[in-house]
Amino acid sequence: RGRSMATVNPRALTSWVGIARLLAVVLSCLTFSLVASTRHFEAPYGTWCMFTWCFCFAVTLLVLLLELLELYPLLPLSWDDFTSAFSMLAALMVFTSSVVFPATFISSPCSSSLCARQAVATTSSCLCFLAYAVEVSLTRAKPGDISSFLSTVPGLLKVFEAYVACLIFSLLDAYTRESGLMWCVAVYSICFIFTLLIIIFTIGRCLTYIPCSLEKVLVGYNFLALLMYLTATILWPLYSFRGQSRPDPCPTDCWWNKSLGVTFLTIFNLIAYLVDLVYSTRMVFFRAP
C-alpha cells in the first residue's frame, strides 16, 4: 500500500501532557522575549539563560508538531524515551536559569522598568519550570512499567546525574595542582560519559544489542559510580580547601565559591546515584510476580 496522508491528532494539544507542553512553549517564549527586550543578558550566565529558554521553546514546539501530525513514528528513535529525557532535562535547565538569572542581573532596590521586565521574566521562567515538572510527573512510568526506561525513576535520575556533572564541569577551575583533585575530575568525567552513553543508547534503541543482562549491568554500574562519587565527596573539599581560607573580597566567580559549588553538586550526585542504585536493584531483583 502507498503511504497514507498525514493525519492530525488533536489529543497532542488537548491532553494534560499537551497542555503542559503548550504552557511551556508560551512561557519560554515570553521569558526570552522579555529578556531580549531588556538587551541586558551579556556575560556567560546571561547567554546560558537565553540559550536555555530558546532551546526549550524550539524543541518543545517541535515535539508538539510531530505529535500533532503523528510524524514521530517515522523517526529512528524511542519517542517515549526521548520526550521523557527531554522534559526532565528542560525542567533542570529552566530551574537553573530561574535561579541564575535573577541572582546575576536583578539588583535591589528594583524600581526601574528594566528591573520590572526582568522580574516578570523570572516569574515566567519559574512557571515554565513548573510546566515541565508537571510534564515529567504526567509521563513518568507507573510502578512495574519498564517499557520506557527513561520515564522510570532510574531513567530520570540518569538525566539528572548527567546534567549535574555538566554543572560541575562548568565550575572546575585550577584542579591540576593536586592529584586528589585530578582523581575527582576523572570520576566526574567517567561517570558522565557512561551515563550519557546509556541515555543515548536508550533513545537510539541500541541497548537491545548488548549481549548480556542489561539490568544487572546497570546495577553494577550504579554501585561503582556510587563508590567513585563517595571518594570524590571526601577528596574534593579535602584538597580544595586544605590550608586555604575564603579570600576577601570573593566575587561570584572566585575559586572558593566555585569549589564550594562543586562540593555541593558532588553531594547531590552522590545522593542521586544512591537512589538510582536502590530503585534499580528493586526493579531487577524484587519485581512483583
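The backbone N, Cα and C atoms fix where each Cβ goes, glycine too.
Here's what TrEMBL has on this protein:
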DOMAIN    12-144  domain 'MARVEL'
DOMAIN    149-285  domain 'MARVEL'
TRANSMEM  12-36  transmembrane segment
TRANSMEM  48-66  transmembrane segment
TRANSMEM  86-107  transmembrane segment
TRANSMEM  114-134  transmembrane segment
TRANSMEM  180-207  transmembrane segment
TRANSMEM  219-239  transmembrane segment
TRANSMEM  259-279  transmembrane segment
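With a threshold of 8 Å between CB atoms, the same-chain residues lying at least 6 positions outside the transmembrane segment (114-134) that come near it are 16, 20-21, 23-24, 27-28, 30-31, 34-35, 37-38, 40, 53, 56, 87, 90-91, 94-95, 97-98, 101-102, 105-107. For the transmembrane segment (259-279), the most Cβ-contacting stretch among 12-36, 86-107, 180-207 is 180-207 (pairs under 8 Å).
Counting only same-chain residues 6+ beyond the ends of the transmembrane segment (86-107), those with a CB under 8 A from a CB of the stretch are 24, 28, 35, 40-41, 43, 45-46, 48-49, 52-53, 55-56, 59-60, 63, 115, 118-119, 121-122, 125-126, 128-129, 132-133, 135-136, 139, 150, 156, 159-160, 163, 167, 252.
Counting same-chain residues at least six beyond the ends of the transmembrane segment (48-66), those with a Cβ under 8 angstroms from any Cβ of the stretch are 12-13, 18, 21-22, 24-25, 28-29, 31-32, 35-36, 41, 72, 75, 83, 86, 90, 93-94, 96-97, 100-101, 125, 128, 132. If one looks beyond the transmembrane segment (180-207) by at least 6 residues along the same chain, the residues whose Cβ comes under 8 Å of a Cβ in the stretch are 76-78, 81-82, 85, 149-150, 155, 158-159, 161-162, 165-166, 168-169, 172, 214, 218, 221, 225, 228-229, 231-232, 235-236, 238-240, 266, 269, 273.
Under DSSP, residues within the domain 'MARVEL' (12-144) fall into helix, strand and coil as 109 helix, 0 strand, 24 coil. Among residues of the same chain six or more beyond the transmembrane segment (219-239), those with a C-beta under 8 A of the stretch's C-beta atoms are 154, 161, 178, 180-181, 183-184, 187-188, 190-191, 194-195, 198, 259, 262-263, 266-267, 269-270, 273-274, 276-277, 280-281, 284-285.
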